[in-house]
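Listed in Swiss-Prot:
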- 169-224: ATP binding site (BINDING)
- ASP298, GLU311: Mg(2+) 1 binding site (BINDING)
- GLU311, ASN313: Mg(2+) 2 binding site (BINDING)
- 139-340: domain 'ATP-grasp' (DOMAIN)
Amino acid sequence: MINVGLLFGSKSVEHEISIITAHQVLSFVDKNKYNIIPIYITKDGKWLTGKILEDLENFKNLERLEKKSKQISSISAKDGKLILHSNIKKITIDVCLLTFHGSNGEDGSIQGMLEFLNVPYTGCGMYSSMYTMDKVITKLILKEKNIPVVDFLYTNKKNYTNDFLNHCKEVLEYPMIVKPARLGSSIGVKKVNDKCELEEAIETAFSFDDKVIVEKWIDSRELNCAVMGYKNIVVSEIEEIKKQKDFFDYNEKYVQKGKKFSNHIIPAPIDENLKNTIKSIARDTFNALECHGNIRIDFLLSKDNKIYVNEVNSIPGALSYYLWQMSGFTFSQVIDNMISIAFEAFKDKKSKIYSIDTNLFDLKVEK
């Protein structure tokens, strides 16, 4: 049986969403194939494990949860396996299944640690996770590859001045959408119609991230699809999100009906040509950002039927199982595929050369 470390939580404003995704995995994973070891990272960075983490109800009382959990005191690795030390107990992990959302988990930070420790993990690699987490880097790469994105500008807290507000008006025109550059779940996102609203929205976005992207707002439909694979890529069915406002916000996604997927129309009511175009752009996006694993790509469809890549999620909420279900995959099969891809990518990584058989300090230097 394969020991799977299910990592979730972490220091992120999307912390609770990560917990939900992890427990969806716990509900549907094939326990005849995998021994699931939950590893919860608290908001202040503690690493916890234990059976108590397997019941979502226990997360209502975090103080009790921490007391009843086993704190991981140290982490090491040997022979491609992650080793966790908790009191006197040692836990060995064969592969890590990542269900983080947002900063300090989905952004390449945990992936970088696992790369350094030489341990297989699900989802995109370190660099790809970093690219896709940053909306600015994502759009710059896609633009370079001639993949359609809406017009945008960006700034950071260090260099931000009033001139940026004027530049936005000249280049983008109102209305615009303001977003923290490295955040998901529509947190901190605002539509603005004038300079005063723009300035206020940028300040709000800066409270979540020190980098902000401002995009031209277009009246559009929101379409999504998932892409999964490594060397062979498969694209899921396409969905349409029926939004109640100008964009599908955090409240709709997780607090109101959005959490029950009542706003999701699968398959999306679009013609076959448009469907094929979106799937083709999805494949190109997956490759341009050097992704592997299971991602979700969000699109905008304008009134004149132009398609734009809006955002890329390297660890989508609920692992986009609802999209894969409509494409003939069970949630359990999605998890199987993600773990298989993790091992395949790890095998390729092991073939790389990381050192040269030369001792520079032992070389004789002619005088």
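Glycine residues also receive a Cβ, built from the backbone N, Cα and C atoms like all the rest.
As the structure is a computational prediction, the values presented were derived from the model and not from experiment.
Taking the Cβ of ILE218 (ATP binding site) as centre and 10 Å as the limit, one finds 16 other Cβ atoms among all the protein chains shown. The binding-site residues recorded for this entry are ASP298, GLU311, ASN313, and the Cα of GLU311 lies nearest to that of MET176 (ATP binding site). For LEU183 (ATP binding site) paired with ASN313 (Mg(2+) 2 binding site), the C-alpha to C-alpha distance reads 10 Å. Most other Cβ atoms within 10 A: among the binding-site residues THR204, ASN313, that distinction falls to ASN313.
Using Cα positions, the member of the binding-site residues ASP298, GLU311, ASN313 nearest to LYS169 (ATP binding site) is identified as GLU311.
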